[in-house]
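> The following block contains the structure, expressed as structure tokens.
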Amino acid sequence: MSRFKVSKFRHMEARPSRREAWISDIRAVTTPTCGNHIKSSCSLIAFNSDRPGVLGVISLEGHEENKRHVTYLGCHSDLVTDLDFSPFDDFLLASGSADRTIKLWRLSGTGEALPSVPGVVLGPEELPVEVLQFHPTVDGVLVSTAGKTVKVWDVAKQQPLTELEAHKDLVQSAVWSRDGAIVGTACKDKQLRIFDPRARTQASQSTQAHENNRDIRLAWTGIQEHLVSTGFNQMREREAKLWDTRLFSSALASVTLDTSPGPLIPLLDPDSGLLVLAGKGENQLYCYEVTPQQPALSPVTQCILENVLRGAALVPRRALAVMSCEVLQVLQLSDTAIIPISHHVPRKAVEFHEDLFPDTAGSVPASDAHMWWAGDNQQVQKVSLNPARRPHPCFTSSLVPTMEPAPDMVQPAEMPRADTDLSEGFSSPSSLMSPSTPSSLGPSLSSTSGIGTSPSQRSLQSLLGPSSKFRHTQGSLLHRDSHITNLKGLNLTTPGESDGFCANRLRVAVPLLSSGGQVAVLELQKPGRLPDTALPTLQNGTAVMDLVWDPFDPHRLAVAGEDARIRLWRVPPGGLENVLTTPETVLTGHTEKIYSLRFHPLAADVLASSSYDLTVRIWDLQTGAERLKLQGHQDQIFSLAWSPDGKQLATVCKDGHVRVYEPRSSPLPLQEGPGPEGGRGARIVWVCDGGCLLVSGFDSRSERQLQLYIADALAQGPSALLGLDVAPSTLLPSYDPDTGLVLLTGKGDTRVFLYEVLPEAPFFLECNSFTSPDPHKGFVLLPKTECDIQDVEFARCLRLRQTSLEPVAFRLPRVRKEFFQDDVFPDTAVTWEPALSAKAWFEGANGQPRLLSLQPPGMTPVSQAPREVPARRAPSSAQYLEEKSDQQKKEELLNAMVAKLGNREDPLPQDSFEGVDEDEWD
């Protein structure tokens, strides 16, 4: 632009919309990622919610008669780092995550259910995915970054076309040029690089971008050779630079803003050349006009925001209100709302202005991935934004097929009410199988899932695959009044084989760091702040290795010591009031320190212990004698677990084997199979009514993983593998046999994974995880009787922090809570009453636990509840008006105006005035 030529945007105004147009009642969160946290197509908005791995989805266009409601899409098992809509298909969304995968989702229109499984999964990568972007001219191509790696994907084949090399540090930005021929990247090594991915994997050009390596972002202008970068200089000032790839040694122009720490998000509209700079954590937007011809970054306007900005996105140009001269619309993501910010150029005439709205790229791709990779450079056909001439082609990408529900799905009376969730909707991510999972495992629903399906539901499941009815699980901390606070001197260095603390329905036992192996006993019925004085303890005289409560006697605690002894303590019914130094019983027999203790699930006074002497010993607590000794381990025993019927005992060992024993039959293992490869630790638990074994451990790359075994076929190896994440602590599984859910977390973690475990494919159904703001030191599951059944609380846990003990409730959102949810709460086993004595069990007897109904008095099961008849909705006034002709609308408008003016035959006020004589005018 010549310096004597004025800009057509010089009078542009940026105004946040009225509160009525805000999308309120959301909960957003900012994560330390390179993404913008919000994206928009011409139909939908997607944004990061405050739940890890969950995106909020809402319609872009609001309707006056209906308030827009946010639906939630459970995408990943970890934070969503970036997301992008297809430039051609408004309902095709790609999401990248810290779980190292990229997923493509076929979203639906307003009011329709979101998918529960992705249409396409790319990866997993070696590191978390940081950035992704669809190709601007081709359907089925996208670029992504993970660590130092940049890949260009053929989505249809689910394979990378190429991998761009030469990056020496974390890649913070990767963007396509407008014609889709080249890719620009910004790296933490301060370098900007230009790639032609179809020609070579090495960068064709590179230059130093900014002097500081913090959060460098890129955006291409409408001219292929020019791009904009944002970052920080050596003085930690935020700056934006304009680059020409033909003269890449230095920037053409630059502008410096301030020293605010929030990284700048560059939002550039290539058609108008307008650049909006939005700072995370700030309350101001800067708008510049990019003029490469001069060259310059010319300031146009600024906008003060009412709320702090957490993310920002541009609304596509085809969705702007062109008749009101809206040249730009920014969506501001705040903590509790999405706020549209319109940029208008004031004009007198209400008409389409060609100078403000040149033709823009349409919604039909120019080619496909195969043609583009072969060298095709066709460009997307441009379309006019003039409403009178604007075409309305509807392109639907074939990458993810659309879901066409069966006709009977639209009949509400046909749908069962037992598994109905909240109307706002919430979709759960699918479980990702490890690459080593057998390929023959096809998706199918287990009969144990407890979901009654109609033919219409089965036809939908054939498209989406199975999903858990617990996928909408909501975990939350209970009120602070139920917390135990002011904990001091906790022992946080208990062995990895121990849970760190133990709890029953009455009290909690926590090892302390003080000498003498002291254990504090806290009463759950007495929450609040503990006194600053020393607590009464159980003094073991040696370091505590593990501890566990007797399931049939809530006052008896078993403690394993480093001195190879097991001490049994009796806690008074009112709680521990004095220091106890003498245990009720001491069990001796192991020759090395003990690692794990497990009480028998059905027989009273039967205890199993594992030791570093490579044996498992089973004790009769009535006589205080060792009765059985199991052998066959070649290395440290990581974990042991009784089967639900108490007949067998399983172990996982550092020698890389899983073993199953029948203790009363033989001291040697009945079965043996391969276990986790890593030797850092493992846990084992019986699942699926004792038909399967679940082992949590590590692979050879130190990735935490789950292995599911058929209990009768250990030698065949695991039936399924599930890789989770990379972390140092072993995942501690807590299994709920009533729901089939396993809760997994590690010491020092902030997240609790939830999976429904099935004995057949797909074996693992992922549910919403629970995330806490700070790490916990332990996490244990309480008995089912502690749950609030009327609030559909199916699990309650205790979370041990460094200074407090907090209860966590896991609930399932349901619409009709006035009914007993019998599909969620089957009859539960009475685990606090023994089924037989120790003597009977050692003599070969077996027992079964008594079952107890959890149905509260006076509540009707939801399976017997009357079905709701959907109310017929009357057509809205807007629909009624659309059916009228223009002439009818005109007549109604005139009649309404006349009715307001009153009767036209009434005399006018001036008719009653007295006139003047003619001669008075002179």
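Quick reminder: no glycine exception, Cβ is built from N, Cα and C everywhere.
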> Based on the annotations in Swiss-Prot, which residue of Ser204, Ser427, Ser912 is described as phosphoserine?
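Swiss-Prot records phosphoserine at Ser912.
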> Among Ser423, Ser459, Ser467, Ser853, which is annotated phosphoserine in Swiss-Prot?
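Checked Swiss-Prot: the phosphoserine annotation sits on Ser459.
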> For the repeat 'WD 1' (75-115) and the repeat 'WD 3' (166-205), check the count of CB pairs under 8 Å (sequence separation 6 or more) and say whether it reaches 3 or more.
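The repeat 'WD 3' (166-205) and the repeat 'WD 1' (75-115): touching, no.
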> Average pLDDT across the repeat 'WD 4' (209-253)?
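On average, pLDDT over the repeat 'WD 4' (209-253) sits at 89.
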> Would you say the repeat 'WD 5' (539-581) and the repeat 'WD 6' (589-629) are in contact under the rule of three or more C-beta pairs closer than 8 Å, pairs 6 or more apart in sequence?
yes
> Could you give the residue numbers and ranges of same-chain residues that sit at least 6 residues beyond the repeat 'WD 2' (124-163) on either side and whose C-beta is under 8 angstroms from one of its C-beta atoms?
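33-35, 78, 81-89, 94, 96-102, 104, 169-180, 183, 185, 187, 195, 197-198, 201, 361, 365-373, 378-380, 395, 397-399, 432, 723.
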> By a Cβ-Cβ criterion of under 8 Å, what residues six or more beyond either terminus of the repeat 'WD 4' (209-253) are in contact with it?
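For the repeat 'WD 4' (209-253), the list is 34, 169, 172-179, 181-182, 184-192, 194, 259-268, 270-271, 273, 275, 277, 279, 288, 290, 292, 294-297.
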> Over the span of the repeat 'WD 2' (124-163), count residues by DSSP class, listing helix, strand and coil in order.
0 helix, 25 strand, 15 coil
> How many other Cβ atoms are found within 10 Å of the Cβ atom of Lys469 (ubiquitin cross-link), counting all protein chains shown?
21
